[in-house]
Amino acid sequence: MSEAEARPTNFIRQIIDEDLASGKHTSVHTRFPPEPNGYLHIGHAKSICLNFGIARDYQGLCNLRFDDTNPVKEDIEYVESIKRDVQWLGFEWSGAVRYSSDYFDQLHQYALELIGKGLAYVDELSAEQIREYRGTLTSPGKNSPFRDRSVEENLALFEKMRLGEFAEGSACLRARIDMASPFIVMRDPVLYRIKFAEHHQTGNKWCIYPMYDFTHCISDALEGITHSLCTLEFQDNRRLYDWVLDNISIPCHPRQYEFSRLNLEYAIMSKRKLNLLVSEKIVEGWDDPRMPTISGLRRRGYSAAAVREFCRRIGVTKQDNNVEMAALESCIRDDLNENAPRAMAVLDPVRLVIDNLAADSVQLLTMPNHPSKPEMGNREVPFARELYIDRADFREEANKQYKRLVLGKEVRLRNAYVIRAERVEKDADGEITTIYCSYDADTLSKDPADGRKVKGVIHWVSASHALPAEFRLYDRLFSVANPGAAEDFLSTINPESLVIRRGFVEPTLAAAVPEVTYQFEREGYFCADIRYSSAGHLVFNRTVGLRDTWAKAAL
């Protein structure tokens with residue numbers, strides 16, 4: 001990770017600075033605690049950059065801890081993908097990977113302690129009844145008829161739960177707090193529920209599993225976390241976080257702080273809705289390049305540095321807001337414009353023949369891999385009598401604003417010669433099949449000797465040397481800025497989110513490596529697809545265009 005990446009400031013860092021200055025803490029210890037029930041998305045990237053970035057900048061520690069308390073929804077596949085995503089973003093966790101399930105024995109003991117203090121009880125209301133008894137924001141809840149069981153009875157019943165003697169859903173352990181609390185989260189929340197499911201870490205050892213709010217705070221305390229950072233939807237949960245730690249025998253009491261989550265326009269962040277996109281085959285998987293998942297962004301050709309820069313630019317605040325997709329794409333363009341090697345590709349080819357060049361003539365032209373970075377070296381690209389240019393780069397007639405090839409006029413071929421269009425050949429439908437040109441042999445990368453002005457420049461590939469390729473032109477998956485607000489978010493799918501074209505690339509791209517993004521000159525940024533591209537079948541994903549076309553469309 002570059003040292004040039006500016007260290008941001010925000011209200012959380014100000015709190016940390018004050019804690020260190022006052023001596024409240026002598027070091028900083030954070031954690032990133034994802035649930036392994038899906039793939040991480042760009043919103044998680046913000047949390048990763050915040051937690052790991054703070055640990056890095058304060059020479060502290062950051063744990064990677066999987067909140068694996070629901071075996072029904074979790075899978076080792078997600079565990080491995082999350083580890084890859086964190087490392088791809090440029091971070092390493094402190095020590096071994098941790099799991100909430102590592103603490104199941106301690107959590108069970110703390111549950112027994114709460115029961116022993118009369119602060120937890122086994123409830124046999126159904127889930128629906130618990131919801132009814134909980135009340136609303138404007139009306140208090142009411143006590144469960146099982147709330148006043150004795151400590152001895154609750155201990156015995158909780159043991160029966162642990163031994164699997166209750167059916168799933170027939171009993172749970174609840175905290176005994178206040179059913180009239182103005183905060184619904186404090187109205188006797190569930191601490192443990194029964195699930196007869198094999199766990200990816202603990203197997204079948206347990207059939208009772210702790211809830212997030214009980215697990216999260218205790219895991220933080222056991223690991224010595226100093227600053228527990230969550231998104232704003234957990235703000236009310238902080239009261240329960242503190243209540244649990246205040247009522248058990250544990251020496252460490254971390255403090256929870258909340259920050260705004262990332263809401264990105266033209267995207268969905270809900271795991272449930274993302275899962276629906278996958279299950280309904282709207283996209284081809286969690287790593288589909290149109291998905292906001294980190295694996296999808298990586299496959300599309302986004303760089304880790306650009307994602308980190310995006311997270312830095314949007315900052316950390318306490319106010320929820322929607323971030324424009326253009327802000328993310330701007331970070332990608334800035335990074336790739338600076339670092340992506342250049343190459344030429346023709347996405348909609350039409351044949352071009354240079355009449356005054358010998359049929360067997362082949363010239364290797366030296367071209368820079370980057371126009372402003374000589375340290376990136378050069379490449380040799382063959383130039384021959386027959387070329388392909390993009391169909392949009394030729395017109396039989398055009399006005400003065402059209403700076404490309406026009407019949408009877410000149411244009412420059414990128415890093416090559418000036419050519420003049422002399423005539424065209426068409427098929428029976430009137431479609432141009434071949435453009436016949438002449439070239440000025442004295443104009444290789446220089447102006448014509450007679451001083452005539454040639455303003456336009458177009459890209460090209462040699463027809464006999466170019467490699468056939470498939471181009472996947474990815475765009476925003478949704479056609480509206482806030483698809484989540486729609487009654488049926490699937491109705492807002494952009495039908496043009498994927499357009500496939502077939503054309504040609506210069507031969508230097510034969511060994512294009514997935515996740516290495518190129519600027520295809522005048523076309524955009526592309527990378528070889530990790531799933532489908534091979535030496536015999538090149539497939540390139542468009543990472544992002546050279547400019548924001550959506551801004552124009554909105555005008």
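Note: Cβ is positioned from N, Cα and C throughout, glycine not excepted.
Note that the coordinates shown come from a computational prediction; the quantities given were computed from them, not determined experimentally.
Nonlocal intrachain contacts for the motif ''HIGH' region' (34-44), taken as residues 6+ away from its ends with a CB within less than 8 angstroms of a stretch CB, comprise 66-70, 73-76, 78-79, 81-82, 85, 200, 212, 261-264, 267, 269, 271, 274-275, 286-287, 291-297, 307, 310, 328. The motif ''HIGH' region' annotation in Swiss-Prot covers 34-44 and rests on sequence analysis.
Per Swiss-Prot, ATP binding site is recorded for 35-37, 41-47, T231, 261-262, 269-271, and the stated evidence type is sequence analysis. Residues within less than 8 Å, Cβ to Cβ, of K46 (ATP binding site) and separated from it by at least 6 positions along the same chain comprise R261, L262, C311, I314, V316. According to DSSP, K46 (ATP binding site) sits within a helical segment.
Residues or ranges marked as L-glutamine binding site by Swiss-Prot: D67, Y212. Around the Cβ of D67 (L-glutamine binding site), 18 further Cβ atoms fall within 10 Å across all displayed protein chains.
According to Swiss-Prot, the feature motif ''KMSKS' region' maps to 268-272, an assignment based on sequence analysis. Across the residues of the motif ''KMSKS' region' (268-272), the predicted structure has a mean pLDDT of 93.
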Chain residues outside the motif ''KMSKS' region' (268-272) and at least six past its termini with a C-beta under 8 angstroms from it: 37-38, 41-43, 261-262, 292, 477-478, 483-484, 489
Chain-internal residues near T231 (ATP binding site), provided their CB is under 8 angstroms and they sit 6+ positions away: S47, E258, F259, S260, R261
Among E35, N37, H44, S270, which are recorded as binding-site residues, the nearest neighbour of D67 (L-glutamine binding site) by Cα: E35
